[in-house]
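K.L.:
Please read through the structure below; I'll follow up with questions.
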Amino acid sequence: MIPNLCDFDRFKSLEVFGISPSSVLSKNFPHLAKIINNELLAGDTVKSLQNPQRHEPAVVQPAQLTLIDRTNNEENGKEKRCTRLTKNATIPDVILEVDEEVMSERDENEPVLIEPSAPQSNNKRSQLFENPKEMEKNREQLRDKAKRQRETQQIQPGAQNSEFLTMIRDYQSQLVYRPLSLEDEVMDNRICVCVRKRPLGKRELASREVDVITMPNRDHVIVHQPQVKVDLTKYLVNHKFRFDYVFNEAATNEMVYRFSAQPLVRTIFQRGFATCFAYGQTGSGKTYTMGGTIEGRRQVCSNGIYAMTAHDVFAMLHSPEYANQKLTLSCSFFEIYGSKMFDLLNKKSVLRILEDGKHLVQVVGLRETKVHSVDEVLKLIKLGSDQRTAGQTSANSNSSRSHAVFQIILRKWEKERDNLYGKISLIDLAGTERGADTISSDRQTRLEGAEINKSLLALKECIRAMGQDEGQHIPFRGSKLTLILRDSFIGQNAKTCMIAMVSPGINSVENSMNTLRYADRVKELDGRDDQQPMENDDQRQ
C-alpha cells in the first residue's frame with residue numbers, strides 16, 4: 001500500500017508529470033511509473049526532482065517527455081513509445097527525493113514510498129514579500145545614511161577635497177624647504193619677475209578650501225592641480241614654475257619691496273625709467289601689496305610699495321651724492337577705467353594720452369604735484385586711493401575696477417627749465433576675471449571685466465611680440481595701458497619688475513595657473529638662459 005503522501009489531484013490536473021530526461025527515475029523501478037495511468041521511462045536515478053542550486057521549480061521544455069502507453073497494447077505484449085509535445089510544466093512545490101543506494105537494495109516488486117520534503121522559499125524576492133517589515137527597515141536605514149551624508153556635506157563642505165589634501169601633504173613631505181629670507185642677495189636684472197602668494201581668506205577657510213600652491217624655496221612655485229578621471233579616480237598634476245623670487249603667505253610687504261621695487265629706485269637717479277606692476281586675479285592682494293595693508297575698512301598707506309618707494313627716493317635725494325644736483329620731486333596719480341583716463345589728484349578730470357616728436361608718451365592734462373617730504377606723498381596716495389573706481393564682484397566685495405598708476409617723477413633744473421631726469425611708475429592693475437566668474441554679476445560689472453581683460457590682452461600681445469625676433473611690430477597702441485608701459489619695456493635704461501599675485505584656494509587654481517603662465521612669458525623677455533624650464537609630474541591615487 002502506497003500512502004497518500006502528495007496531492008494526487010494536483011498531479012491529475014497536469015497532463016503529464018513534468019520531469020526532464022536528465023531528472024527521471026531509474027528504469028529499475030517500474031512501480032514509480034504508475035502514478036497517472038502512464039509510466040515514465042527514465043535512464044538515470046536522480047537525487048531530487050527540483051534544482052537544489054537555484055531553489056527554483058524545474059521546468060519541462062516541449063518534446064522532453066517520453067511516455068510508455070500500455071493501455072491498448074498489453075495484448076501484444078509490446079510497449080508503444082510516444083513523445084508528446086506539451087507546454088512547459090512546473091513541478092509542484094512538493095519535492096520528491098529518491099535515495100539511489102536504498103532503492104538499489106529494494107526488491108523489484110516492493111512498492112516504493114515517495115516522501116515529500118518540506119516546502120522551501122523560491123527566491124529572495126519571495127523572502128522580501130514574506131518580510132515586509134524587514135524591507136521597510138532596510139529602507140529606513142538607507143534614508144538615514146543619505147541624511148547623514150547630506151548633513152556631513154553641510155557641516156564640512158570641503159570634505160570632498162580631503163583626498164586631494166592627503167595627496168598634497170604626501171607630495172610636500174618629500175620636498176626640502178628653504179624659503180626666501182631678508183639675508184638673500186638681491187639680483188640686478190633688467191626684467192624681474194616675482195610671485196607672491198596670499199594666505200587663505202575667510203571665505204576660503206569657511207568653505208574648507210585646500211591650499212594648492214607650494215613654495216619650497218626662494219625661486220620655485222608648485223601648483224597642485226586636482227584632476228578626476230572618467231572612472232572617478234582622483235589624482236594631482238603638479239605644475240612647476242621658476243621665477244626670480246617667490247614670496248609665500250608669511251612674507252611681509254617690506255620683504256616684497258626689498259626684492260622687487262627697491263632695486264628700481266637707483267635706476268631713476270641714473271636717468272632711467274622704472275616700472276613695477278602687480279598682476280593677478282581679483283582678490284589676490286594687488287592693492288594690499290601696492291597701496292598698503294588693510295585694517296578694518298581703512299587702508300594703511302604707510303606700508304605699501306607706493307610709500308616705501310617714496311621713502312627711499314627721498315633718502316637718496318638727500319644723500320651727499322645727489323644733494324647738490326638741483327633735483328626736484330613731483331607725484332602724479334591717475335587711473336585707466338575702461339577706455340578713459342582720470343586724474344585722481346584733480347577731481348577725476350578726463351585725461352588724454354599722446355606721443356611727442358621723440359616718441360615719448362605724454363599724458364595731456366595730468367597734474368604733477370611737487371612734494372618735499374614723505375608725509376606729503378602719503379597724503380597724495382590716500383587722496384588718490386579714495387578717488388579710485390571700485391566695485392563688488394563675486395570674488396571681492398571691494399574690487400578695484402581700474403588700472404591705477406602712481407608716478408614719482410624726478411626733474412632737474414637745466415638750461416633754465418625743468419627737464420625730466422627719471423621716472424618710476426608703480427601700477428596696480430585691475431584684477432583679471434574669467435567669463436565663468438562673472439555670470440552672476442550685473443551688466444556693468446561684466447562690461448568692466450571685458451574692458452579689463454581687453455587691455456591686459458593687449459599687454460600680453462606686446463609681451464609676446466617683444467619675445468620674438470628683432471624688427472617685429474609691437475602693438476603698443478592696442479590700449480592706453482600698453483602706451484603707458486611702452487617706455488618701461490623698450491626705453492633706453494629701462495627696468496621693469498612684475499609681481500604676480502596668486503590665490504592659494506583650490507577653486508582659484510585655473511586663475512592662478514593663467515597668472516603664472518603670463519608671468520613666465522614676461523620672464524622670457526629678459527633673454528636669460530640660466531633658468532631652465534621645469535618638468536611637470538602627476539601623482540595618482
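Every residue gets a Cβ built from N, Cα and C, even glycine.
Note that TrEMBL annotation is computational and uncurated.
Pulled the feature table from TrEMBL, pasting it below:
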- 102-161: region 'Disordered' (REGION)
- 118-129: compositional bias 'Polar residues' (COMPBIAS)
- 131-144: compositional bias 'Basic and acidic residues' (COMPBIAS)
- 152-161: compositional bias 'Polar residues' (COMPBIAS)
- 190-525: domain 'Kinesin motor' (DOMAIN)
- Gly280, Gln281, Thr282, Gly283, Ser284, Gly285, Lys286, Thr287: ATP binding site (BINDING)
K.L.:
Under 8 Å Cβ-Cβ from Lys286 (ATP binding site), six or more apart in the same chain: what's there?
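P.N.:
Sequence-distant Cβ neighbours: Ala278, Tyr279, Gly280, Ser400, Asp428, Leu429, Gly431, Ile499, Met501.
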K.L.:
Out of these binding-site residues, Gly280, Gly283, Gly285, which one has the fewest other C-beta atoms within 10 Å of its own C-beta?
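P.N.:
Among the binding-site residues Gly280, Gly283, Gly285, the sparsest Cβ neighbourhood within 10 Å belongs to Gly285.
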K.L.:
Taking Gln281, Ser284, Thr287 as the binding-site residues to compare, which has the smallest set of other Cβ atoms within 10 Å?
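P.N.:
With the binding-site residues Gln281, Ser284, Thr287, fewest surrounding Cβ atoms within 10 Å: Gln281.
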K.L.:
What is the number of other Cβ atoms found within 10 Å of the Cβ of Thr282 (ATP binding site)?
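P.N.:
Result for Thr282 (ATP binding site): 25 neighbouring Cβ atoms inside 10 Å.
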K.L.:
Quick check: in three-state DSSP terms, what is Lys286 (ATP binding site)?
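P.N.:
DSSP assigns Lys286 (ATP binding site) to helix.
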K.L.:
For the compositional bias 'Basic and acidic residues' (131-144), give the DSSP counts of helix residues, strand residues and coil residues.
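P.N.:
The breakdown for the compositional bias 'Basic and acidic residues' (131-144) reads 13 helix, 0 strand, 1 coil.
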